[in-house]
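Colleague: In case it's useful when we look at the structure, here is the feature table from TrEMBL:
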COMPBIAS  18-31  compositional bias 'Polar residues'
COMPBIAS  33-51  compositional bias 'Low complexity'
COMPBIAS  52-61  compositional bias 'Polar residues'
DOMAIN    98-529  domain 'Major facilitator superfamily (MFS) profile'
TRANSMEM  99-119  transmembrane segment
TRANSMEM  131-150  transmembrane segment
TRANSMEM  162-180  transmembrane segment
TRANSMEM  186-210  transmembrane segment
TRANSMEM  222-245  transmembrane segment
TRANSMEM  251-270  transmembrane segment
TRANSMEM  312-334  transmembrane segment
TRANSMEM  346-366  transmembrane segment
TRANSMEM  402-421  transmembrane segment
TRANSMEM  427-453  transmembrane segment
TRANSMEM  465-484  transmembrane segment
TRANSMEM  496-515  transmembrane segment
Amino acid sequence: MSQGQSRDEIGSHPLLQSGFQTPVQTPSRDASTPPVRHTTTTPTRLSTNQRSTPDSATPQRSLQLQEKAYEHDLHAHLHWTINPRNPKNWTIRKKRMHTLLFCAISWTIMLGASSLTLAHNVIMDEMRTSSIVSVLSTSLYLLGLVLGILGTPSADSMGRKSMYIISAPLYAIFILASGLTKSISGLAICRLLGGFVAASLLQLGYASILDIWPAEKRVVPIAAYTSTVLVGSTLGSVLSGAIVWRQHWRWTQFAILILSSLFYVPMFFTDETLKTMILRKSRKETSQLSLMRGFFNNESLRLRLILFSEPLALLCGVLNASHCGVLFAILTAFPDVLSKAHNFNSGAQGLVFLAMGIGALLALAMELCHQQWCYKPRAFSVNEKRKTWIPPSTLPPPEWRLWLALPASALNIASLFILGWTTHRHWMVTVIAMAIYAFGTSLTTVSTTLYVLECFDSPRNEAMWAGSSMLMFASGFAFSLFSIEELKLGPGLGMSVYAILSVLFGLIPAGLYIFGPALRKRRKSHDSK
């Protein structure tokens, strides 16, 4: 094939024509002039003088187009849907194993967030500090998660697997230091840095699940991953109570270290899920410069703040933040309430919080049952009637995901009033109220997460989840820091304040269900302009 023919074939590609091809102007020819027939000739090697002449512009331009075609990797991008390296083309078993690992890592991180909630009094006595300062070991961990979301570099240059392998050992080091330090300042700093590093692991897990599962099959994995945040937080208090009851409080950190080490080893056997990194590795183009470029890219920070420009996602984020804040307020302040009201030791207090973990798991089970036996059959019948079923379809509307959030909001309000005003009654009433609140909180969080998932495309959805998580952990930081002092007014008054806030925020699911279609239509018209 001649170089002129190679140029014509490359230049005729539609992607090159739409992007960066310079149109070639063909000189006009008189009608009487016979057409010139090009014969296939073997290209000859040009001398040094010939390369510098204007006639050599054509082969040089051909080489440039070839380099650009290679740079964009047209074949790989056009055939990505059938590429065996595409994570969406993995076997079901491989997808499930990766998803379970991501959920286990997220569960461990949130287990560490509440692992000191029942050790605050012991830390206060051992390090001779105040109750508010001792709570910093929990609050600063949540603040570290917020700062980590803002400061985590983009995975586009490094890859998700590389960031997993780098971040997990750093997290283990800071958790180990938290268990070895002998000062409250050292404990607070190590917990802050541990949360900062752990934030990237939480973000990578959610993004990896979006990479692995197609739109029509990712409801169950996303629901399970979202539930690990609540289940891990509640079970962390159970772990804290059991260890403080029998061992030194430092073993709470050593237990988290052991769990994180167990889940770190399987990371080496996982595969990369990021499309750009997979294609780059197939071309063997990874360089140190490209790996470090993600640390100096402001685009990732801008995407994480895009939540504040989308009213739908922002309202859902504020709703989940209010629930997360109240949850950590209960985990932080109620051990003292249970100790004074029922004379419970740390082990018994941890068993009370086990009810919250069970409630969150029951909510996940209900969400999955609703998806399988209510949502999917009704969605299929509606789409069959409208003859528009092309998965993933825009029908049914995303507002269908809010069905369970509507009654769950009412459950949250009722459970907070019961929890506050029946503390001095039988301890079983407190256990039931905690379970109901965790049940309603988990239902609301999962429902709103799925709602946002269907309202936005995947690149934006990853940023929406990051922004929502940032609001949740920021709320947990603030509520946990002042919850002990607030409940000194009395459990009834303190929990009533949270219940009134839940009444205000509980109107958000109903408002989104009514006005959500209009807001989405307005956003689409704005994006089309």
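FYI, residue positions are counted from 1 along the chain as it appears here.
Glycine is no exception: its Cβ is also placed from the backbone N, Cα and C atoms.
Where the annotation comes from TrEMBL, it is an automatic prediction and has not been curated.
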Colleague: Short question: which residues 6 or more past the ends of the transmembrane segment (99-119) have a Cβ under 8 Å from it?
Modeller: 137-138, 141-142, 145, 168, 171, 175, 191, 194-195, 198, 201-202, 204-206, 208-209, 212-213, 221, 224-225, 228-237, 239-241, 244, 249, 252-253, 255-256, 259-260, 263, 266-267, 270, 328, 331-332, 335, 346, 349-350, 476
Colleague: As a test of reading the model: what is the averaged pLDDT for the domain 'Major facilitator superfamily (MFS) profile' (98-529)?
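Modeller: Mean pLDDT, the domain 'Major facilitator superfamily (MFS) profile' (98-529): 89.
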Colleague: Looking at the stretches 162-180, 222-245, 312-334, 346-366, 427-453, which one shares the most CB pairs under 8 Å with the transmembrane segment (251-270)?
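Modeller: So the stretch in question is 162-180.
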Colleague: When you look at the transmembrane segment (496-515) alongside the transmembrane segment (312-334), do they share 3+ Cβ pairs under 8 Å, ignoring any pair fewer than 6 residues apart in sequence?
Modeller: yes
Colleague: Short question: which residues 6 or more past the ends of the transmembrane segment (465-484) have a Cβ under 8 Å from it?
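Modeller: Same-chain contacts beyond the flanks: 113, 131-132, 135-136, 138-140, 142-143, 145-146, 149-150, 202-203, 206, 229, 303-308, 313-314, 316-318, 320-322, 324-333, 336, 449, 452, 494.
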Colleague: Kindly say whether the transmembrane segment (222-245) and the transmembrane segment (162-180) touch, using the definition of 3 or more Cβ pairs under 8 Å where each pair is 6 or more positions apart.
Modeller: no
Colleague: Honestly, do the transmembrane segment (402-421) and the transmembrane segment (496-515) touch, with at least three Cβ pairs under 8 Å and pairs 6 or more apart in sequence?
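Modeller: In contact, yes.
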Colleague: Could you check whether the transmembrane segment (186-210) and the transmembrane segment (427-453) come into contact, where contact means at least 3 Cβ pairs under 8 Å with the two residues of each pair 6 or more apart in sequence?
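Modeller: These two stretches do not touch.
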Colleague: Short question: which residues 6 or more past the ends of the transmembrane segment (496-515) have a Cβ under 8 Å from it?
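Modeller: For the transmembrane segment (496-515), the sequence-distant neighbours (Cβ-Cβ under 8 Å, at least 6 residues beyond its ends) are 312, 315-316, 318-319, 322-323, 326, 329, 399, 402, 405-406, 408-410, 412-413, 416-417, 420-421, 444, 447-448, 451, 486.
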Colleague: Six or more residues out from either end of the transmembrane segment (162-180), which same-chain residues have a Cβ under 8 Å from its Cβ atoms?
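Modeller: Long-range Cβ neighbours of the transmembrane segment (162-180): 105, 109, 112, 137, 153, 155, 186-187, 190-191, 193-194, 197-198, 200-201, 204, 250-254, 256-257, 260-261, 264, 267-268, 270, 291.
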